[in-house]
């Protein structure tokens, strides 16, 4: 009798049925996340792996086999459920490294629950059906024979090899980029785990193309150099603040009156400034701003580079006699700040444990209370000082008690996510205004530079409600260039120095720009940022919420296709919104990939001491030789 005909048909039918049921859910999910290119090919690859998983489970003894089938179905169902929530906020599937962020979930539980939708629970329907059948029906079948097991193992191995080969081919053709849109959900998660442990090392010789970009450029007379020399520095990292709120009204009310006032009074306003956060969101905004390096592509940077040596803004200022302090209204261990700040050059970290918890809003101490209580620490701090504030109240899902709601947005937007968002932004703006008044009362204002920037986007264009509301409010399509844009304001009291800069810039440019203003010079390029007062090279590389290789420059935005195929990407002129020829974006695409990879290579190999002494250009040339 033919071997296949001798199979235990009942088990084989179970494998086929379970494979089809599970694959059907996966196929629906692929449609949900918008996979269009090679959809059939991707679905077949995922079907191979699902069939393999159930086939391996079928090799167990009967009771264990049932448990294996139920377990496999549950794991896939749970992944689909979690991925659906994660994708709705981050534009991708939950990465393996998120297990290292589990400790961060508690403070943001409200944000997580706000992403849950009833329809996502439908992914568990067949799981409960399967559990009921195996629990209450007699499904006794005989076990596979040894020869059948061997054959099944051969089939599984072949399918794994075929699927793995196809995945490698796809990833190679996509310049090493792997996404749910070119692998599918099951293969994405498998490859993501593999890549976490066995990532191919970066070939630094490829970075030779970056030498003209990062070469040390001498500027005879630096604009703005030293205009804030010797001044105290207060930096406020404003939670979820996007640039569109600046100088705007809603229902006849100004959204950010205090920020608007600052912009028009002895300030430099960067109106084409973009967030560049990684998986660490707020904490990565801190990392990239204070260090001038891209965040880790694996896990949040404060964990990935915990044991590194750094040359950060706080360290550079300490070398010039500054004392340094950070303020945050949440637990000290949130995003590993309590461990990393010492190595970032922060002398003292004031967190929720050090404040009186007299006013809690959202995920921590209210911004108003934090600013108010910080005054006693600022008065005691040795001068000149660098004080870094991380605000919280405008954190997603943007919920506050009625007493804090000061805007009347009108019936059109009332009780929408836009209403909630603008209320929290307006609240933060009011608290910043009061904070500045307190600085004046304590005699700290005149001798202090106050810098305010947004950490990351607040309103997600993938959220259907938010997108529709923003499109209506802005009067134009709400797309990536607007979503990623955040304000950067450098206020220098009574300096008379006022400027509006529209060069495309990112958080990576923060460090060298502030050093220039404070009169701290360097003969070598020690990071990837540019002094925004003395450059026309506007370039912003993105790596999260869009596919790696995406970038923004002075004229256009390029959004790399989620399937990793360059020709399927989108690009348009920032000002006219007209499409841009993709070939004109290829150089920027290559630069964006290389900058992120070289940055990670330097950080992973703890090469900052070398870079600080001799520069990034030297590092590349040395390794190439």
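Even glycines carry a Cβ here, placed using N, Cα and C.
Because TrEMBL annotations are produced automatically, they should be read as predictions rather than curated entries.
So that you can see what the record holds, here are the features copied from TrEMBL:
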- 282: active site (ACT_SITE)
- 239, 282, 455, 456: Mn(2+) binding site (BINDING)
- 395: substrate binding site (BINDING)
- 231-520: domain 'Sulfatase N-terminal' (DOMAIN)
- 12-33: transmembrane segment (TRANSMEM)
- 39-61: transmembrane segment (TRANSMEM)
- 68-91: transmembrane segment (TRANSMEM)
- 111-131: transmembrane segment (TRANSMEM)
- 151-171: transmembrane segment (TRANSMEM)
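Distance from the CA of residue 282 (active site) to the CA of residue 455 (Mn(2+) binding site) is 6 Å. Under the three-state DSSP scheme, residue 282 (active site) falls in the helix class. Listed as Cβ neighbours of the transmembrane segment (68-91) (distance under 8 Å, sequence separation of 6 or more from its ends, same chain) are residues 14, 18, 21-22, 25-26, 29, 32-33, 50, 53-54, 56-58, 60, 112, 115-117, 120-121, 123-124, 126-127, 130-131, 134, 180, 185-186, 189, 460, 462-463, 544-546. For the transmembrane segment (12-33), the partner stretch with the most Cβ pairs below 8 Å, chosen from 39-61, 111-131, 151-171, is 39-61.
Taking the centroid of the Cβ atoms of 239, 282, 455, 456 as the Mn(2+) site, the other same-chain residues with Cβ within 8 Å of it are 237, 238, 240, 275, 277, 281, 285, 390, 395, 454. Long-range neighbours of the transmembrane segment (151-171) within the same chain, counting only residues 6 or more positions beyond its ends whose Cβ lies under 8 Å from a Cβ of the stretch, are 3, 41, 45, 48-49, 51-52, 55-56, 58-59, 144, 177-178, 182-183, 187, 191, 564. Within the chain carrying the transmembrane segment (39-61), a Cβ under 8 angstroms from the stretch's Cβ atoms is held by residues 11-12, 14-15, 18-19, 22-23, 26-27, 30-31, 68-69, 71-72, 76, 143-144, 149, 152-153, 155-156, 159-160, 162-163, 166-167, 182-187, 190, all 6 or more beyond its ends.
Panel annotation: around the transmembrane segment (111-131), residues 18, 21-22, 25, 29, 69-70, 73-74, 77, 80-81, 84-86, 88-89, 105, 363, 395-397 of the same chain, lying at least six beyond its termini, place a Cβ under 8 Å from a Cβ of the stretch. Under the three-state DSSP scheme, the residue listed as 'substrate binding site' falls in the coil class. Model confidence over the domain 'Sulfatase N-terminal' (231-520) is summarised by a mean pLDDT of 95. Residue 455 (Mn(2+) binding site): 26 other CB atoms within 10 A of its CB, across all protein chains. For residue 282 (active site), the Cβ neighbour count at a 10 Å cut-off comes to 23, with all displayed protein chains included.
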